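Peer 1: Dropping a structure here in C-alpha cells format, bear with me for questions.
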Amino acid sequence: MSMVKQLDIRELLAQGAVRAREEDCEVLVSQVIPVKPMDPLAFFAYGAEPYAGERSFWADPNRDRILAGLGTAYRVEAEAEDRFAGVEARWRDLLRKSIREPHTHRNGTGPLLMGGFSFDPLKPKSGRWEEYADASMVLPRFLLTVAGEDCWLTVNAVIRPAEDPVSLADRLEREKQDLLSGVPATFTPMESPSFETVEVDPEAWKRSVAETAREIREGVMEKVVLARQLRVEASGRLAPASILKRLQEQQTDCFLFAVERGASCFLGASPERLVRRNGKRFLSTCLAGSIRRGSSPEEDERLGQELLSDGKNRVEHEVVVHMIREAFRTGCDAVEVPEEPVLYKAGYIQHLYTPVTGRARPGTTLLSMVKRLHPTPALGGYPQEKSVEKIREKERMDRGWYAGPVGWVDWRGDGEFAVAIRSALVKGDQAFLFAGCGIVGDSDPDSEYEEARIKFRPILSAMGGRDR
Ligand SMILES: C=C(O[C@@H]1C=C(C(=O)O)C=C[C@H]1O)C(=O)O
Ligand SMILES: [Mg+2]
C-alpha cells in the first residue's frame, strides 16, 4: 500500500498506471474528498440515467451512515458455493495493489464493496433473477457517504496495464463535476402509479404450512421459514428512488437498501441485521416472533406483552438465538447474549429481539461471519441444511436475493450486512414482493398467512399502495 499525501486524482492515476505497467496487474486508485452536504437520495436519483443499472444504496437504522454508490469501478461476482470466501479473496487481492488518498479516513469512506448474496445458490435460478449473481458486490465509481452533517465523495478506479491515465482522469473529473453541480439539494419523489396485486395460490401456501408444522411435530426438524410472493402490476414505471424515499420516511427503525442490476432494482427496508463488524467487535441480532401493532398505545402494549409470553413465538425466537450464539462462539470470544428477548417495534409489526455481541478471534472476518450465519433460522430454519432443503422442495418460487445478506464491506474489513427481507424486486412497471414466516410445530396456517400479509405492508405502502 503506497503512502501518498495531498495528491489529486490525476497524479494518483498516473502513479497507478506506472505501477500497473511495472507489475502487470490491476491497480485500485481511490480518493476521498469532503463535499458540501448532499441528500443521498437526490444523488441516487440523479444517477438513474447516467448510471442506469449500476446504483447502490444503504442506510443503517439510526441513519448514522448512509451510502449511495453510482457506477462500477470493479465488480466481484461468484456463483459457486464458496462465494463468501471467493468475494473476500478477490477483494483482498485488489486492495493489496492499491493507492489510496488520504491514507486513513473515516469509516464508510474510501474503497468499499456494496452488494449482496442470493438466499440459496443451489436453487435453480429463475429468469426473474438472472441479473443477480449468487454473490455480486460492486466497488462504486462514485460513493457518497453521509454521516450526520458530514459528507464525502470517494472516487474509485481500477487501472489496467494498457490504460491511459490521462483520458481516464479527464473522464472521472468531468463526471465528478457533473455530480457536484448537478445533484439537486433535495429529492422529490415521483407520484406513484396505481397498481394491482396478484397473489399466487394462497391456499397452496397454507397447505404447505400445515404440512410443514406436522413434519416438525413428527421431529423431522425444528423450524422452517416458508415464504410466499406477491406480484405488483402497476400502471406505469415504478421508480426505485421514490420507493426508497417513502421507505425512509415511513420505516424509521429499519435498514434501507437498494441494489440495481441491469433493468432491475432489488430494494427494501429491513429491520433485521445479519452481522456488523466494527474493528474487533461483532454484533448480530436475533429477530423472530411477530405480532401486529396496536391501534392505540394500550392495545400496542397489550399485544407486545402477549408476544413476549407466547409459547409458539418464544420457540420461533429461541431457535434463532441458539444458532446465532453457537455461530458466534466458533468465530468470536467474549460472546454475550441477554437471557430474555425484548420487543422491537417497526411500523406495522412488532418482533422479539435479542442482540448477540462478540470479539473477533484472529482471522475472523466479516464475510466469514456472514458465511457462518447465513441463513439463520430467522429466514431458513433449524437445522440449517435440512430446512434449506425443505425450502428448496416446498417453495414454488425462486427467492433470489430475498432473505439473503445485503450490505457493504470496506478496505479495513469493517462493514455490515442486513437480511434482505421486507423487500421487492422492481422491474419497470412490475414488482415481486416476498414475505416469510417461521413455521414451528404449533403454527396455524391462517395466522401465518395473516402474519405474512402484515410483512408485505411496508413495501406496498412505500409503492403508494392503499393501506391493506
Ligand atoms: C422472513 C421474514 O421475517 C422473519 C420472520 C419472522 C417471524 O416469522 O416471526 C420475524 C422476523 C423475520 O426474521 C420476512 O419478513 O419475510
Ligand atoms: Mg413468525
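Here the Cβ of each residue, glycine as well, is placed from N, Cα and C on the backbone.
Annotation source TrEMBL lists active site, proton acceptor at Lys223. Residues annotated as active site, proton donor in TrEMBL: Glu272. Positions annotated as Mg(2+) binding site by TrEMBL: Glu316, Glu451. According to TrEMBL, the domain 'Chorismate-utilising enzyme C-terminal' annotation covers 202-455.
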Peer 1: Less than 6 Å between Cβ and the nearest atom of ligand 2 is the rule; apply it to the recorded positions Lys223, Glu272, Glu316.
Peer 2: Glu316
Peer 1: Tell me whether Lys223 (active site, proton acceptor) sits in a helix, a strand or coil according to DSSP.
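Peer 2: Once the DSSP labels are grouped into three classes, Lys223 (active site, proton acceptor) ends up as strand.
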Peer 1: Quick check on the recorded positions Glu272, Glu451: which one has the highest count of other Cβ atoms within 10 Å of its Cβ?
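Peer 2: Selected residue: Glu272.
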Peer 1: Going along the chain, which residues six or more apart from Lys223 (active site, proton acceptor) have their CB under 8 A from its CB?
Peer 2: Ile216, Val315, Glu316, Val319, Pro377, Gly381, Tyr382, Ser387, Gly438, Ile439, Val440
Peer 1: Tell me the Cα distance separating Glu451 (Mg(2+) binding site) from Glu272 (active site, proton donor), rounded to the nearest angstrom.
Peer 2: 16
Peer 1: For the domain 'Chorismate-utilising enzyme C-terminal' (202-455), what is the mean per-residue pLDDT, to the nearest integer?
Peer 2: 97
Peer 1: What is the number of other Cβ atoms found within 10 Å of the Cβ of Glu316 (Mg(2+) binding site)?
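Peer 2: There are 26 of them.
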